[in-house]
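Here the structure comes first, spelled out in structure tokens, and everything after it is commentary.
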């Protein structure tokens with residue numbers, strides 16, 4: 001059976017300078033094979049975090065990924081207006097070598 005990725009919350013509002021926490025749960029263990037992306041309207045997704053906690057090149061250290069197994073978290077600290085967008089977790093490996101298995105997305109609104 002396919003692994004299901006469940007993201008919470010579906011939407012979150014944050015003040016500039018605040019902190020946002022997004023959670024992603026896998027229906028079975030995926031080790032640390034979890035990526036986080038940010039997407040803005042009309043743009044392709046931008047990789048933020050790979051292997052659960054590794055910061056992609058050029059990405060601000062305000063973004064932090066943690067977790068392993070089935071429970072993962074993306075934390076955005078010192079939220080800036082430019083952080084607004086939709087964030088997705090992605091299972092980037094499974095036993096069937098199926099990729100591009102994304103969570104449902106979390107909209108981040110910055111006030």
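Every residue, even glycine, has its Cβ placed from backbone N, Cα and C.
Swiss-Prot lists 1-24 with the feature region 'Framework-1'. For 25-35, the entry in Swiss-Prot reads region 'Complementarity-determining-1'. Sequence annotations record features per position, and here Swiss-Prot assigns region 'Framework-2' to 36-50. Swiss-Prot lists 51-57 with the feature region 'Complementarity-determining-2'. Residues annotated as region 'Framework-3' in Swiss-Prot: 58-89. Taken from Swiss-Prot, the feature region 'Complementarity-determining-3' applies to 90-101. Annotation source Swiss-Prot lists region 'Framework-4' at 102-111.
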Cβ-based contact of the region 'Framework-4' (102-111) with the region 'Framework-1' (1-24), 3 or more pairs under 8 Å: yes
Three-state composition of the region 'Complementarity-determining-2' (51-57), taking helix and strand from DSSP: 0 helix, 2 strand, 5 coil
Per Cβ pairs under 8 Å, the stretch of 36-50, 51-57, 58-89 packing most closely against the region 'Framework-1' (1-24): 58-89
Secondary structure composition of the region 'Framework-3' (58-89) [DSSP: H/G/I, E/B, coil]: 3 helix, 17 strand, 12 coil
